[in-house]
Each structure stands twice: as C-alpha cells, then as structure tokens.
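Single-structure report; data block below.
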Amino acid sequence: MSAKAVSKGILSIGSWSIVKMATSALVLPILARMLGIEGYGQYAYYIALLLLASQFANVGMMQTMTKRIAERPEDVAWCRAVAHAGALINAVGLLSVSVVVGLVVGATAPAGTAALPIALVIVGVLMFDQIWFYARGVLHGLRYEERAAIPGMIGVVSAGLLGVLAAAAGLGVTGVFAGLLTANFFVAIACLRAVLKVLSERECRESGRTVSSVTGPLLRVGLPAMLFSVLNMALCSLDVILVRHLAGEAQAGLYAAAIQWSQFVWFIPIAVEGVMLQATARLWTEQRVDEVSQLVGRLVRYVVVGTTFLLLLVAVLGEQIVTVYFGPRFADAALGLRLLVPGALCYAVARVLWPVIQAGGEGGHLVRLIGIIVPVDVGLCAGLIPRWGAAGAALATSISFALVAVGYVRMLHRRRVQVFDQVHLFRWLLLSMGTALAIALVAAWVTPPLLSILAGSVAGTVLYWGGVLRLGLVRVEEIELMVRSLPGAFRLTGERLFGYLAPVLLRLKAAAWS
C-alpha cells in the first residue's frame, strides 16, 4: 500500500473521526442538560449495549472482508465472492442478535420509559448500523475509505441535530435514539449503493468461485475476529453497564461524562487504526516484516505525540473542562477523567497495533489476551465501583487499558516489529512534563474556568508543538512528505498552508535535535 494510499485513508477516516468527535462535543453537553444525570446515564447505557451487540451482529465480517479483499484487491471475482459471503454471514448474525437486544432492552426499560418503543428503536439503530459496518469492510479493503467516510460524516451531524431536537421536544431518550435511527437509515442506503457501484463497475471473468466456497474461510477468520471485537468492546463498555447496576444512574452519568472526554482525544489513533489492516495485510503475506516495523514505528510515534498533547490538556484542565462543558452538577467527574488519562494514552497505542496483529494472522493470540484482561477488568470494577463509584470504574479501566497495550507490544516484539524505536521516549517525557507544568501555571493564574481553558490551551500549544519540532519528535521533512502524499485539493491546501509556516518551520528544523 503506497504512502499516498495510506495518507488518503488516514485523511478520510480521520475526517470522519474529527466530525464525530466535534459533533459529540457539541451535542453531548446539551443532551446531558436536557436529559439530566439519570437520563444521560440511561442514554450512555444504551450506547454501551449497542456497541457490544454490534460486534456479535457483525460476526467479525468488517475486519475479515477488509483483510481478505486487501490481500487481493485486483482479483475482482474474489472480491465479489467475499462481499457476497460476508453479507450472508452478517445478515444471519444481525437477525439473531436483534432478537436478544430487543428482549434485553424491553426487560430493562426503567420506570417512565415505554418498553416496546425503546426496544424497537434500539434494534433499528443496530440494524442500519450493521449495513454501514458491512459497507466499510468492502470499501476499506478496496481502498475507497472516503466512500464510507463521507456518508458517515453527514450521518453523524444529522444524528446529533435530530437527537437534540427530539430532546428539546420532550421525547426523552427514546426520541434521541429515534433521531439516530433516522440518520443511520440514510447512511446505510448511501453506503450500500456505493458498494454495489464499486463491485459492478469493475469487469471480471467467471472464476468458478461461489459464495459457499468462500464462506468457510471467512468464518475461520471472522469468528475469532468477532470474539476479539466483542471482548474488546466489552472492555470499553462493561464499565458503564457495571457502574449503572452497582452505583446507580447518577454515577453512570458522571462516569459517562469522564469517559467521553477521555475518548475525545482518540481521533488520531482512530484514523490510523482504520488503515492499518489493509496497509499491512499484504506486507505480512509477503513476509516483509522490516517494512511492517518501519510503518508501525512511524505511525505509533505520530499517535503518541499527537494524543499526548490532548491528554495533557484534559489532565491539567479536567475540572474546568467538566464544569464548563457539562455544567456544575458534573464537577465530580473530574477525578474520574484524570484517572482515565494514562489508560487513554495506552489504549491510543493499542488501537494502532491490534489491526497489525490481526493482519499478521494472530487473531487467536488477541482473543486469548483480551479474554484474560476482561475478567481482570470486571473484577477490578466489582471491587472498586461499590466503594468509589465512577472514580473506581475509571481506575479499573485505566489499569486494564495499560495491560492491553503491554500485551500488544509484546506480541509484535516477538515477530520482530519494533513499536517504540522511533518515539524518542526520554525527549517525549521531558516535553510532556514541561508542558503540563506550563499549562498548570497558566491555569492557576487565570481563574475563570473558560478563560483558564483558553489560556492554558494556547500556552500548551505553542510550547508543546514548538518542542515537538525542536526535539525532533516529528521532523519538518516528515510534515512536508505527508502534505505531498495528500490527494487532490487537500494537497494544494496543505502546500499553501505549509508555505505560510515555512519560515518558522525552517528555523525549528535548523535547531532540531538529530
């Protein structure tokens, strides 16, 4: 996969991720205020349930189709057979899981919420979401990430707007999810049309491959992928569910607020994660381990550098952020937010690594590792939540995320992939500590919460990113290469912006450490 294809994929998925994060950043505080702490906790509970159910319903087909198609994208007959078999498997999984989800939602609907409407709406969201998952699997494998990302961006914005309107109209949590259902319907139709167009516009000769001949190989990869995805999502979702049942709706609302802000920083790793499976699948097949190591090391460095800055702001300005963003009632979420920061950084790295491991054919090792860590996480939650509520869940999650990252790094090291060789850990740690101190001093000097956030962010941005270039954590040549790798109009815009910044960048380049 060429540098240009990797950049295009990262740009497409990154744009969707940024739009999703930005929309969430605008919508969630409005929903939190309109629904109240208990209503927001109920909303977070259903989101967690959907995230978990989606992995069962997909049967691992999104990752499996991406991997199989990316290995042989020029073989049109193979791609069509994989797409048809994947659709059949996904449909069977979806129908089975939809019944279970409907029963669970109906049985656990809280007092004051009609069971049948909320159950039907949640199942509808799940069904149309799966069509988008299926489309992503095919389009990502064929390296048309933008054809899934653009409808996804429109859908995210539409869902946020419709959800706010429903909450404002007094329709409660059911109305919010009805808005999501409407947006998902149009996204599903648009992406399904894109898949049909891509597969039909490419000529191919009859090959004798049938859906039944491909189904078995897909299931052999898909079932472990599904199990891994379920366990992985359980690691990210069970904490919200456990907080709700062990500490109540109010603590679930506080924890949802904390976890939401800790995850806002993941748009960079999400963008990189979205291309790693298709970028490394052929490299593993052709035994080009050194190229895998170079690619992983470079992208992990970018993820660590970019994510650290955002987490520093969250860690130092956590109390101000929560108060301004969610309101004074959510002030107690600040402790949980700070406890989540180390784990959030570890999981940012983990998100980049797991598709590489999966592309290398070690899905079974992923399942075994997560299968050990999920019970550890549940045990930690069971011990900490009854005593410390949302803060206990945050601590348990942070520890579990760190264990995941350590396990992934060890797996890749066994296959001679050096994950952190390009990171310059001492320089990174020195810069992070200095930036955190500077932000804290500015925040202490500027006391109004909103002004404190703005002043701390400006000071941190100047110091951190100047330090990144000065210390050689990211080189000016790399920025220039990334700009040149962008497709079409994005490259022209990037080159123009790079030209404006060139005098400053060249000075930093001359002074940078080697």
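Here, residue 1 is simply the first one shown, and the rest follow in order.
Note: Cβ is positioned from N, Cα and C throughout, glycine not excepted.
Keep in mind that this is a model prediction, so the values were computed, not measured.
According to TrEMBL, the features are:
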- 9-31: transmembrane segment (TRANSMEM)
- 43-61: transmembrane segment (TRANSMEM)
- 82-108: transmembrane segment (TRANSMEM)
- 147-169: transmembrane segment (TRANSMEM)
- 175-196: transmembrane segment (TRANSMEM)
- 217-243: transmembrane segment (TRANSMEM)
- 263-281: transmembrane segment (TRANSMEM)
- 302-327: transmembrane segment (TRANSMEM)
- 333-354: transmembrane segment (TRANSMEM)
- 391-413: transmembrane segment (TRANSMEM)
- 425-447: transmembrane segment (TRANSMEM)
- 453-474: transmembrane segment (TRANSMEM)
Stretch among 82-108, 175-196, 263-281, 302-327, 391-413 sharing the most Cβ pairs under 8 Å with the transmembrane segment (147-169): 175-196
Please work out which recorded stretch in 9-31, 217-243, 391-413, 425-447 has the most C-beta pairs separated by under 8 angstroms from the transmembrane segment (302-327)? 425-447
Do the transmembrane segment (263-281) and the transmembrane segment (82-108) come close, with at least three CB pairs under 8 A (pairs 6 or more apart in sequence)? no
Annotated stretches the transmembrane segment (43-61) and the transmembrane segment (217-243) touching (3 or more Cβ pairs under 8 Å): yes
The recorded stretch from 9-31, 217-243, 333-354, 425-447 sharing the largest number of CB pairs under 8 A with the transmembrane segment (82-108) is 217-243
